[in-house]
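So the structure is just underneath, and the comments pick up after that.
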């Protein structure tokens, strides 16, 4: 028997799109215009670092567009060929954003290593001014997504903007030190430090989204806790094939075979368990199959090993 609250069918996708739709538009427009500003000033100041940062920001704008498209497509109604709709596109978007951020780290690190061995003159004042504008724009737009950390897709957008601001802070600091000391090695060293910080913060987004795309148990849900919950229920003598996976970055599903030889699972009791699973574990779609005869099952059915 399958149970879920029908009101949740499109609820999460619509909420995300409605809540963050304007935030995405503001962020994409503001950062897109800033990229144009960076490109213009990079040529005027003859600054390759500013031009590199412009293309880095351009990649982040593309990431924001991708995340926004995912929140919109999540609202698509299920069809006979896509029975869950396009909910999982939010996970794909989060994974793509994680890959983009890792790729960005590679670009920053490569450029920093090159400049470390081949230093060049930089017009520090112009770089500081433009990077200072970037700090304001990126921090301001990042705040628009700060409360959506539970959604991997929104979290990806937030990380893009937050790390953009972090890069701009690093550029201002390195340009300031370069201006006062004349040490050309400061710029690439700060660039390497920024790349390492971004990579460390991005890893959880990348790993979490990869886990979900592989139908792994969401990090916020404990398989053992759900197992204990089921075994504590009256009449349940055992279970097998307990599967928990994500339908999107906000919705989760579960299926299980319960061994109940002596009792029936009434509608009232089933509804109660389903509601408890939704409130305690954030599992919106639950499929329970009751069996009267215990089957032979290897240990993996009951106690899977997680990598």
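For all residues, glycine too, the Cβ spot is worked out from N, Cα and C.
The shown structure was predicted, so the numbers you read here are calculated from the model rather than taken from an experiment.
Straight from TrEMBL, the features:
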type     : residues : note
TRANSMEM : 20-41    : transmembrane segment
DOMAIN   : 25-214   : domain 'Cation efflux protein transmembrane'
TRANSMEM : 61-77    : transmembrane segment
TRANSMEM : 89-110   : transmembrane segment
TRANSMEM : 122-146  : transmembrane segment
TRANSMEM : 158-179  : transmembrane segment
TRANSMEM : 185-206  : transmembrane segment
DOMAIN   : 225-292  : domain 'Cation efflux protein cytoplasmic'
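Counted with DSSP, the domain 'Cation efflux protein cytoplasmic' (225-292) comes out as 22 helix, 24 strand, 22 coil. Between the transmembrane segment (89-110) and the transmembrane segment (20-41) there are fewer than 3 Cβ pairs closer than 8 Å, counting only pairs 6 or more residues apart in sequence, which means the two stretches are not in contact.
Note on the transmembrane segment (61-77): residues 10, 12-14, 16-17, 20-21, 24-25, 27-28, 31-32, 35, 85-87, 89-90, 92-94, 96-97, 100-101, 153-154, 156-157, 160-161, 248 of its chain, located 6 or more positions outside it, place their CB under 8 angstroms from a CB of the stretch. Listed as Cβ neighbours of the transmembrane segment (158-179) (distance under 8 Å, sequence separation of 6 or more from its ends, same chain) are residues 27, 31, 49-50, 53, 56-57, 60, 63-64, 97, 100-101, 104, 108, 122, 124-125, 127-128, 131-132, 134-135, 138-139, 141-142, 145-146, 148-149, 186-187, 189-191, 193-194, 197-198, 201-202, 205. For the domain 'Cation efflux protein cytoplasmic' (225-292), the model's pLDDT averages out at 92.
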